[in-house]
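Visitor: Next up is a structure, given as structure tokens.
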């Protein structure tokens, strides 16, 4: 520890936050912000015009694990709820007490002295954060064990003869013809876009209808850069595409057992898009060959984030598997019954059985304590007559290290990593989207690619930034048109002016986009203490160094000691460091990744885009003048 008198820089003490007394209202506020539960790749929103909107919406916090944060909300106070700081709320009483409304109102009013006393008691005992966190986490862990026990009890009941597999014999009888099946399969796949990405649209910029009515170079560029636009090919992933395609073709030609393929990479690196592009090419080739050439297969896609419970995968998979037969209608059966039907299908030897390629996106969301679901997924392809390929996609690079040994043994060693896009790849992607549109100058594309590649290498992020820049340029052009029209309508003016010509989108437009994103975040960061900002900076540095979204608590502590020693300031002790984590969790800057008591191996994840936080910390007055960029 460095003495404060000898420190070249001194900073205020670490902030402490009191426990939240607003149980009901904080829950409602969290639910309002949970509009995009299925999306992990939330991007920053521009400045909102609604002054009453929450700070979480202004900085574009994602709530993919909102349920886990809600479990801790009783222990940590959301320090950003400034509008309700002077109000205290309590849980509603029973409906029978409605007649005593006047008495209830009196009970809801507390003395200011009582509130301040509660706050002082909380701030004096910093270890309460540790105890409160552990108690809530242990409670959530017991709930998960109860759910697993209930699932096992239902399985035992079904094994007592309440379910008859014979009534579903038609599920295992596949048509040898397969023409109708192929048509249904192709029609279904035509509806699936290669680049189907669930995201929050950054283009929430109050565009006028006139922007889209005027068919100019800016609107065309925005359409070409939209995430839903389907390019004819995906540049920058040629090597990964060849590896995946070779694996699928080899298994299809064998036409017996299948295999497992694990694809890992940060969000926005083209994992799902690459697989879908390969499937589309194989289906087109199958159509040309009339279903021959060993390419007759059914493609099934399941997103783990769309399942309310991991065991729901069995029911969804069963219904999608039987859709190839028109005579079979989806049947309402339990997940346990669906599991038995699926297992029997993969075990039976049937030459007419169709090969299946199952893509499981957001695979890491299916992990439970016993890991039964993912064990079954990796076990099925290993059966001799399964005719099944499982392609598991996850955002976690070190997922195999978190799996149980029995699951690892079934998973195999087939892994395809997707590293973040570099500058050249991002430039190629943007230019390929624009094709012959001369909307951006060369410098603007280079700056956008460099800024994104330096932080996350997310192609979706780069495309959205360019779209936003096109919107800004279009708004400027519309203003020039308005002035031009008003001038021509003014008869007092002599002569006529030339019609404005759309100019190129420049680097200034790109920089303006980054400033719009960082403005609300900077306000949020200003409310944090110096050490809380350092804590976030440590997470950012580890994310950029390891390309893994989760960071171990012990790693953050080590990096904190290195940084504080370099800039000659005191390093927080373990208790203070844990309090920093609790404060940032209460402010929803970070997410606790699993339901276990915190320790040195505990995983912590940012709750907002890495590139936005990195840019905001670079602009922060407390950090930008310190030599910590290379730590």
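Using the three backbone atoms N, Cα and C, a Cβ is placed for every residue, glycine included.
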Visitor: Hey, Swiss-Prot has ATP bound by 230, 265, 266, 267, 268, 269, 270, 271, 272, 273, 362, 460. Any idea which of 319, 395, 398, 422 it lists too?
Guide: 395
Visitor: Minimum Cβ neighbour count within 10 Å among the binding-site residues 230, 266: which residue?
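Guide: Ranked by other Cβ atoms within 10 Å, the binding-site residues 230, 266 bottom out at 230.
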Visitor: Which is it, of 268, 361, 362: the one of these binding-site residues whose Cβ has the most other Cβ atoms within 10 Å?
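Guide: When each Cβ's neighbours within 10 Å are tallied, 268 leads.
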Visitor: When you measure from the Cβ of residue 270 (ATP binding site), which residues in the chain that are at least 6 apart have a Cβ under 8 Å away?
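Guide: The list for residue 270 (ATP binding site) reads 234, 236, 237, 240, 418, 421, 459, given in order along the sequence.
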Visitor: Give the number of CB atoms, excluding that of residue 460 (ATP binding site) itself, located within 10 Å of its CB.
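Guide: Its Cβ has 22 other Cβ atoms within 10 Å.
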